[in-house]
Amino acid sequence: MEQGNETLVREFIFLGFSSLAGLQQLLFIAFLPLYLFTLGTNAIIIATIVLDRALHTPMYFFLAVLSCSETCYTFVIVPKMLVDLLAQKKTISFLGCAIQMFTFLFLGCSHSFLLAAMGYDRYVAICNPLRYMELMGHRVCVGLVAAACACGFTIAQIITSMVFHLPFHSSSQLHHYFCDIAPVLKVASHHSGLSQLVIFMIGVFVLVIPLLLILVSYIHIISAILKIPSSTGRYKAFSTCASHLIVVTVHYGCASFIYLRPKSSYSSSQDTLISVSYTILTPLFNPMIYSLRNKEFKSALRRVMGQTSHPFN
């Protein structure tokens, strides 16, 4: 089917690992255990938080939501990538590409706002400890998660609609391993500077606004920690924020490199490498950062394992 000189695109071809043709089976062998370990670790975190009443607090509620979000986030991209590593023809339908981009953006944008909500949770816990459970009640926590998801859904819908309403070349080769914004825009026949500017500004909003909220929270947190008289108290207060800070640094570092830069500096090979880090490695490390550094969680995990191994005692 043709419209003028344009051919209606029915599918896209992924070329993300084409330069590593001889190593794709090795990549599959390397990525598959990492992905399964990520799924298993997140499942353990969610199950432990649900089953152990001592972890029924706002901080662990947000951690469970974060683990669930990251599980879904990787599920959108990694299984298809693993199949393509073993396939001769690495294709995705036009509709499938749009769905993948929408879901990826929805979860990624929601993730940014969820990290901001977790920053606010730490602010309330340290700056208003006596009113923590009152200010961070169940309805407030659910409302913050719902607001994060609503923002992610709206932004994903706007960007996906703008991208996939563009005309595309009949040659639809994506120099990536999933349908990210930049590689899809690269194969579009033409797109106005206005649409590109709008997408860039939305990216700025998604990354900068939550990051500013996190920075404001931590300015107050640091101020409160410095007022604690004992060094032990200061260390204990800061240790509750350290995991969140590490995750924020990794998330915004990778996302800013990909989405907050001029089009002229676009590099498909660099983007593929960075994308591997935030689609495979970051979801692997985030649960470990939160759980392995946390004595309370490790104690809860031991209790849950003890209960499941002796269910009738």
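Cβ atoms are placed via backbone N, Cα and C, with glycine included.
TrEMBL annotations:
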type	residues	note
DOMAIN	41-290	domain 'G-protein coupled receptors family 1 profile'
TRANSMEM	26-51	transmembrane segment
TRANSMEM	58-78	transmembrane segment
TRANSMEM	98-120	transmembrane segment
TRANSMEM	140-164	transmembrane segment
TRANSMEM	197-226	transmembrane segment
TRANSMEM	238-260	transmembrane segment
TRANSMEM	272-292	transmembrane segment
For the transmembrane segment (26-51), sequence-distant contacts whose Cβ falls under 8 Å of one of its Cβ atoms, 6 or more beyond its ends: 17, 20, 60-61, 63-64, 67-68, 70-71, 74, 78-79, 81-82, 85-86, 280-281, 283-284, 287-288, 290-291, 297, 300-301, 304, 307
Outside the transmembrane segment (98-120), six or more residues from its ends: residues with CB under 8 Å to it: 59, 62-63, 65-66, 69-70, 72-73, 76-77, 80, 92, 144-145, 147-149, 151-153, 155-157, 159-160, 163-164, 178-181, 184, 206-207, 209-211, 213-214, 217-218, 244, 247-248, 251-252, 255
